[in-house]
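Here the structure comes first, spelled out in structure tokens, and everything after it is commentary.
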Amino acid sequence: MSSSDHLLSASPTKRAGEPMGLHINPSRSRGPSATSEMMKPRQTPSRLPSSTSFLSSPTSPMSPLTDDDVFAAGESAPLICKNLRDPEDSRSDGGSLSSLSTIIFDTAIKKGGAYWLQTIKIIILFGITVLCCATVVKYPEQEEDLHEVIARVTPQVIYSKSYDNDYPILQLNLIGPLSEKNTSNTNNSLDIEVKISSAKVNDSGWLLRVNRTALQNMPSGQLATFHHEFRCSSQASDCNITVRTGSEEAVPLVYSVHQLSTQLDHEIVYAALILCFVYVLIIFELVHRTLAAMLGALAAIAVLSAINQRPSTETIIGWMEMETLMLLFGMMIIVAVVSDTGIFDFSALKAYQLAEGKVWPLVTLLCIFSAVVSAFLDNVTTILLLAPVTIRLCEVLNLEPRVILIAEVLFSNIGGTATAIGDPPNVIIVGQLESDGITFTVFTAHMVIGIILITFVAYGFLRFYYRNMEQLSNPDPPEIAELNHEIQIWRRAASRLVVVTREETLMRALFLQKAVELENLKNKTIHRKRKADKKDLNATLRQLEREYQIKDMSLLIKCGFVLLTCLVFFFMYSFVSSIHIGLGWIAVLGAMWLLVIADTSDLESILHRVEWSTLLFFGALFILMEALAELHLMEWIGEQMRDLIINVDAEYRLTAAVVIIVWVSALASSFIDNIPYTTAMIPVLKQLSDDVDVDLQLLPLVIALAFGACLGGNGTLIGASANVVCAGIAEQHGYTISFKQFFKVGFPMMLVTTLTATVYLLICHSAIKWNSI
């Protein structure tokens, strides 16, 4: 079974009017335990009714079971229709059998068009997949062949080859004590000049400035990597690349040369098309977002292969952010073990008591807590710990969990922007620019004031957006909402159960039977009571206190010790130089500690609760974004942004730079991962600040980048890692957060918060000139 199947648990109690079987207590953990002794099957009828359309999977509520599904259930399958043939049930629920024909008729009408659309979608996606696979198979992997050279004042030929009509473009990668030089700068410092003898007339060569500090500290000096494309002339028989310095001082360099196809001229277009393709699949939910990311990664690798830049398997694996994947994996295991203690239910009860059962005080508490904790911990960790409590709490108050979870993750991203350790882009910025004076203290001092202001504005927007309280509440009465949720999860459990043995066949039939029993109970409940009675707060609290208790205090103490140790190391690793492991290692080692001291014998059930689809999505997304970076999409965005800033008059250049950087970063980070985007933008900003003609200080540019990259993650479901993790946890509990549902709230929130950040930046850096480090 999948991880979501472990969210259900059975209780042997029986509700009034409910058919004998299992009663699910929705306030406890929700899931069918895979033990047949917990279920008492009734006597089976001799034959199976032909129509079972209401026993479908939750992804297609009205599609009937196929014959294969029925036969796979074996001799126990007739159990699923027992209740529909009960005369008493037929009378009490208004005639389930009479409504069955209507369901089947409507399904048959709708299924014709849907079938052909589904077939066309499969054909198109399969064709694209085959084409991409054929492209990858056709071209070999390109290994980087590194060479060494000592650049001197005399030109030296480092590459010479005959002209190739199929690959007329040469990409030169240089590694050494270098920094890129603006060709308009007339400074007579030591330079590296690279030229190609057969280049076209408009190619004036490539100039790089030598970093003298790094050169004097060789070989321990800081090395930089730059690349440039030369186009060979078709009129020349040979292509020769030469390198020389501007003085007698020798400069050691490492270089490699790759031949590229003319398709390189359209690489930005291909990258944009791939990104649009992935978003179309996700927005319209044509496939699961994990498969969409995998298809996008395959397409990007195919384009790289077509231009003779196919990466090796080791390179592709290196593109995945293992630190993030290890953090997610380790924390998922820890949360899975912690959930067995009952602490999430107990925490939900305490939050309910603190808010006195009122909705907005509770939402405010969750959002503020999420923002504050995310400022000091990684926001992914915050959501992993907070989301299960939130879901339990929403089920108690009959609130819509999706709405509350979205609000929670939005504030988590906002709070994580405040410090250098709260969000990955901030970690990257401080890590790469600390030598330029962008320290933890300086960065946090400039960010935290703006984030406090943004938090108040964001909360005001949230109150305005959900001014209609019905949007926060579940549209169905509590009892009906519980039953709908239980029916959906029992059907999912049945559809995802791999039938191999006779016992598994029996379990599948029992799961389907339980779904039908709950369906009948729901129908009778609807006719008996259309709205839930309001309960007295004290009565509700007494009921919750009986149900929400700590199940295993010994395990809770062990979990608390391990979790507290991990959180302490999460906070310390950025400040204590003697800690030589990152967040990922801390989480995985903490998970191993907990598995050892918890002494659990059912490791498989814990691994089932790991969100493997989320981990696969992140892995594919990292590959996709790095492949798009190899196609120079991020670099192109940076170049366009730099050109816009340079063309503004010097008097208004800083104001324009702040506005352009924060808005371009916010919009870009809404649709592409902010980690590779931030990595690509940092060299662009450093080049702008180093150029004396542009005359811009680095600090305001970096602060604008941080605000834009972090707040932009709220724009879409895949804009930030915490968004995807939150959606995965919700799906594991039976609540699906769609791209459109998140976009309706997240994108307006992103616009409002980015506008507030823009005003703050203009006041600080344009009005009062707070540009000092």
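Just so it is clear, glycine is given a Cβ too, placed from its N, Cα and C backbone atoms.
Automated prediction, rather than curation, is the source of TrEMBL annotations.
Residues annotated as coiled coil in TrEMBL: 527-554. Residues or ranges marked as compositional bias 'Polar residues' by TrEMBL: 1-12, 26-36. Residues or ranges marked as compositional bias 'Low complexity' by TrEMBL: 44-65. Positions annotated as domain 'Citrate transporter-like' by TrEMBL: 279-693. According to TrEMBL, the region 'Disordered' annotation covers 1-68. Per TrEMBL, transmembrane segment is recorded for 115-137, 268-284, 290-307, 319-339, 359-391, 442-462, 555-573, 579-598, 610-634, 654-677, 698-722, 742-763 (among others).
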Of 359-391, 442-462, 555-573, 654-677, 698-722, whichever stretch has the most CB pairs under 8 A to the transmembrane segment (610-634): 654-677
With the transmembrane segment (359-391) as the reference, which stretch in 290-307, 319-339, 555-573, 654-677, 698-722 has the largest tally of C-beta pairs below 8 Å? 319-339
Cβ-based contact of the transmembrane segment (742-763) with the transmembrane segment (290-307), 3 or more pairs under 8 Å: no
Report, as numbers and ranges, which residues of the same chain sit near the transmembrane segment (579-598): CB under 8 Å and 6 or more residues beyond its ends. 322-331, 333-334, 337, 378, 381, 555, 558-559, 561-563, 565-566, 569-570, 572-573, 606
Two-stretch contact, the transmembrane segment (654-677) and the transmembrane segment (442-462), at least three Cβ pairs under 8 Å: no
